[in-house]
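Visitor: Dropping the structure in here first, questions after.
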Amino acid sequence: MHRRFLPMLAVAALAFTATACSESSSAQAEKPTGPNVVTVSDMTYSPRSVTIDAGETVTWFFDDRGVAHNVIGEGNATALIHSPLISSGQFSATFDAPGTYNYVCTVHPDMTGVVIVR
């Protein structure tokens, strides 16, 4: 009876080893660099405020150990800033008009940020 389960145990052990040794997609994702990058991790946007010139792009990089977040504009930013709910990867928005653009994570409303466009 035990001999029937040995092959299944071997397959399970092999699958576990392969999974444990593989890298997740978030570990493989390279963080973008530059002054207009906002990191989404530890339940916060960092930096919370970014000041840019009109025509520049802001990129949010999601890296919060599997916790899903989004970036949703408020007020005048509703149509401009609207990322999907994701746990890894990135989202970008280009700001053509001067102004103050507030945003929030709708899943975690204490997570807020602002883009100031000159």
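Positions of Cβ are set from backbone N, Cα and C atoms, glycine also.
Annotations in TrEMBL come from automatic prediction, not curation.
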Visitor: TrEMBL has CYS105, HIS108 down as binding Cu cation; which of HIS69, HIS82 does it also list for that site?
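Guide: The one candidate that TrEMBL places in that Cu cation site: HIS69.
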Visitor: Compute the mean position of the Cβ atoms of HIS69, CYS105, HIS108, which form the recorded Cu cation site, and then list in sequence order the other residues of that chain whose Cβ is within 8 Å of it.
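Guide: Close Cβ neighbours, site residues excluded: VAL40, MET43, VAL67, ALA68, ASN70, VAL104, THR106, VAL107, PRO109, MET111.
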Visitor: Give the helix, strand or coil assignment DSSP yields for HIS69 (Cu cation binding site).
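Guide: Going by the DSSP assignment, HIS69 (Cu cation binding site) falls within a strand, counted as strand.
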Visitor: Within its own chain, what residues at least 6 apart in sequence put their Cβ under 8 Å from the Cβ of CYS105 (Cu cation binding site), listed in sequence order?
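Guide: Result: VAL40, TYR45, HIS69, ASN70, VAL71, ILE72, MET111, THR112.
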